[in-house]
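Novice: Pulled the feature table from TrEMBL, pasting it below:
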type	residues	note
ACT_SITE	K244	active site, schiff-base intermediate with substrate
ACT_SITE	K297	active site, schiff-base intermediate with substrate
BINDING	C167, C169, C177	Zn(2+) binding site
BINDING	R254, R266	5-aminolevulinate 1 binding site
BINDING	S324, Y363	5-aminolevulinate 2 binding site
Amino acid sequence: MSFSTLVQDIAFRDSRSDERSSQISLPHSVARSYASTSATSVSIAGDISSQLHGGYSHPLTRAWQAERQLTKAMLIYPLFITDNPDEETLIPSLPNQHRRGLNRIVPFLRPLVAKGLRSVILFGVPLEPTAKDALGTAADDPAGPVMSAIALLRRNFPQLFIVADVCLCEYTSHGHCGILREDGSLNNAMSVERISDVAMAYAQAGAHCVAPSDMNDGRVRAIKLKLIEAGIAHRVNLMSYSAKFSGCLYGPFRDAAGSCPSFGDRKCYQLPPGGRGLARRAIQRDIGEGADIIMVKPASSYLDIISDAKEIGKDMPVAAYQVSGEFAMIHAGAKAGVFDLKTMAFESTEGILRAGAGIVVSYFTPEFLDWLST
Ligand SMILES: [Zn+2]
């Protein structure tokens with residue numbers, strides 16, 4: 001039977017689908033074609049484009065369905081660096097992640113770099129009791145953990161792209177992301193001045209990228225202007241945490257970085273979880289202020305925002321941070337037998353890429369370096 005005859009037969013059968021019993025009276029050949037194609041007849045009767053399975057029946061053709069496939073170059077690995085050079089402490093709420101001192105970082109990273117690690121993002125964790133004050137003075141201490149780590153990593157791993165997170169909350173006595181007024185609210189002008197100075201210090205120390213995560217208004221512009229004035233804007237990437245939402249997914253990170261606010265919360269500068277329009281405005285603003293990369297954080301609960309970021313910033317890279325709480329949830333789910341860890345790590349990351357990100361800050365980076373090699 002030719003294909004067109006088959007379609008005609010099926011169309012005829014479909015037109016009488018409310019009279020199933022009537023097929024008994026159809027000519028013998030029609031009845032037989034109905035029987036032999038019953039499994040697919042509904043879709044064959046419709047548009048030919050309804051036949052999709054052939055397009056993804058092979059592992060490779062399934063991979064080709066993705067606009068972006070996860071590669072090692074997309075991954076940025078977060079590192080927590082303490083001011084105690086020999087420390088290597090497991091962070092209980094953040095599975096397999098450690099706080100490390102300067103003496104521990106290079107031996108830890110060497111095998112990862114050999115496996116294809118391309119980028120890290122540095123978070124300083126001062127543990128000395130005297131390290132914190134109201135201005136976050138330790139943030140750009142030349143002998144502090146981040147400034148020292150930048151130089152150390154540049155020396156040991158010339159190919160590694162070093163991102164320095166820029167914020168004050170790890171260094172302020174009150175744990176907020178800027179400088180406060182007497183009433184406890186954020187003094188935006190003073191905070192921007194201080195944050196941009198810290199960003200400049202990291203850039204001068206050799207960071208390839210500075211990434212302000214503080215969410216003060218206007219800090220991207222202030223940093224870009226200082227980079228231009230210093231004559232280093234051409235070699236320093238500015239990645240803005242543009243759409244950083246407040247919420248409970250940062251708990252394990254705050255354990256890791258010791259950056260929990262001593263009073264209040266961050267809801268007056270981080271975005272409210274329902275604030276899609278606000279996020280779009282923040283993204284537009286940061287692009288206008290000179291950001292080179294736009295970041296959305298957290299990732300999996302904010303896939304629509306990642307998609308918005310890619311639409312608004314379609315000519316620039318979009319990054320997403322799969323934050324500590326997301327990572328810990330995946331580990332907890334796997335431990336409870338809900339799903340397989342590796343499968344869920346890929347599934348969640350592929351969702352982030354599908355939404356529009358081309359860069360993922362991920363605690364799964366060491367595992368991905370292995371998984372993507374096999
Ligand atoms: Zn902060």
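Every residue gets a Cβ built from N, Cα and C, even glycine.
Source: prediction; values computed, not measured.
Mind mapping these onto the model and telling me what they sit next to?
Specialist: Other C-beta atoms found within 10 angstroms of the C-beta of K244 (active site, schiff-base intermediate with substrate) number 26, with every protein chain shown included.
In the structure as shown, the Cβ atom of K297 (active site, schiff-base intermediate with substrate) sits within 10 Å of 25 other Cβ atoms.
Within its own chain, C169 (Zn(2+) binding site) has G136, G175, H176, C177, D214, A257, S259, P261 as residues 6 or more apart in sequence whose C-beta sits under 8 angstroms from its own.
For R266 (5-aminolevulinate 1 binding site), the same-chain residues that are 6 or more apart in sequence and have a Cβ closer than 8 Å to its Cβ are H176, C177, M215, S246. DSSP assigns R266 (5-aminolevulinate 1 binding site) to coil in the three-state reduction, outside any helix or strand.
A sphere of 10 angstroms centred on the C-beta of Y363 (5-aminolevulinate 2 binding site) encloses 24 other C-beta atoms. Under the three-state DSSP scheme, Y363 (5-aminolevulinate 2 binding site) falls in the coil class.
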Novice: Please give me the CB contact count at 10 A for C177 (Zn(2+) binding site), counting all chains in the structure.
Specialist: 25
Novice: Please report the distance from the Cα of R254 (5-aminolevulinate 1 binding site) to the Cα of K244 (active site, schiff-base intermediate with substrate), rounded to the nearest angstrom.
Specialist: 15
Novice: Select, from R254, S324, Y363, each of the binding-site residues with a Cβ positioned under 6 A from at least one atom of ligand 1; if none does, say none.
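Specialist: List returned for ligand 1: none.
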Novice: Which secondary structure state does DSSP assign to K297 (active site, schiff-base intermediate with substrate), in the simple three-class scheme?
Specialist: strand
